[in-house]
Amino acid sequence: MPSLWMLFASFVFAIMGVCVKLASDLYSTSEIVMYRGAVGMIFLFLLTRIRGGSLKTSLPWHHVWRGVVGVTALWLWFHSIGKLPLATATTLNYMSPIWIAAILFVAGWWRGQNRFEWGLTAAIAMSFVGVTLLLRPSFHADQWFSGLIGLTSGALSALAYLQVRKLGQMGEPEYRVVFYFSVTGVLAGLLGTLAGSAFPGNSATTWHAHDAKGLALLLAIGVTATIAQMAMTRAYRIGKTLVTANLQYTGIVFSAVWGIVIWGDLLDWLGWLGMGIILASGVAATYYNARNTAALTAKASAARTGDPISNEV
């Protein structure tokens, strides 16, 4: 079942999240983004050479757009992982299917292709009720701000996923999409770290010394992120979008388990309720996305694939 690639990707992404949270005690976010991209870039370059593939692309600007948006989302997510419980940061980032449904609906409504959907509106509204329960004011001020950053990362991830799907439909293989994303991460992380180093005493972005633990974590982040990115890209390219998007939510479960085992992150019942509401809202939004696509596909040419993302972007 092709969509099961997302189940594998979610599991590996959860492991990456653990490594990012541990590494955030040793490195700045810009450094983690940079090294994560560097490992992925080297790994994919060698893999491409061994398999005789090509990194040459006829879609450079599509990769630039995907890279800029995706790396910004990644940067914000890594920051929130370092400041929030792992499951909380993951839940906020995994709101991307809700954002995708909202973006596609607004775009279709603007073009006169959709009527107003009360069900979708309710799902989106309930998702933000879930966010309020998950990030209620009892959090410390720095955690509340980090929660908003995590929420923003989910919105930007939605835009990045739309572009990933579009690149796949245009014939770009997974390794090439992830390679150029990694290149963008290296450049953005390097610029961020160099900019921080220009201000002495700004330990949040300056260079940090390495030790065995730090190097092992950076290597693990790069390897797990690259594997998960390739699996996710394949899932969205060849799998059923409804199933794929819903399997993404298993990452919340994996992250919650890791958070409990390693850090003892035990949310109260309101936190779990908020997480559950977000998950249910995401499933409802994804269902709407698939149903709306089926209606549009019936009017489209036979050459269309029937995918909710590729048909509306």
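Cβ atoms are placed via backbone N, Cα and C, with glycine included.
Automatic prediction, not curation, is the source of TrEMBL annotations.
So that you can see what the record holds, here are the features copied from TrEMBL:
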DOMAIN    4-135  domain 'EamA'
TRANSMEM  33-52  transmembrane segment
TRANSMEM  64-82  transmembrane segment
TRANSMEM  94-111  transmembrane segment
TRANSMEM  118-138  transmembrane segment
TRANSMEM  144-164  transmembrane segment
TRANSMEM  176-195  transmembrane segment
TRANSMEM  215-233  transmembrane segment
TRANSMEM  245-263  transmembrane segment
TRANSMEM  269-290  transmembrane segment
Top Cβ-contact partner of the transmembrane segment (33-52) among 64-82, 144-164, 215-233, 269-290 (pairs under 8 Å): 215-233
Any contact, the transmembrane segment (144-164) to the transmembrane segment (64-82), with at least 3 Cβ pairs under 8 A: yes
Touch test for the transmembrane segment (269-290) and the transmembrane segment (94-111), at least 3 Cβ pairs under 8 Å: yes
Highest-contact recorded stretch vs the transmembrane segment (245-263), from 64-82, 94-111, 176-195, CB pairs under 8 Å: 94-111
Distal contacts, the transmembrane segment (64-82) - CB-CB under 8 A, six or more residues away: 17, 20-21, 24-25, 29-30, 32-33, 36-37, 89-90, 92-93, 146-147, 149-150, 152-154, 156-157, 159-160, 163-164, 167, 177, 180-181, 183-185, 188, 192
Tally of DSSP helical, extended and coil residues in the domain 'EamA' (4-135): 107 helix, 0 strand, 25 coil
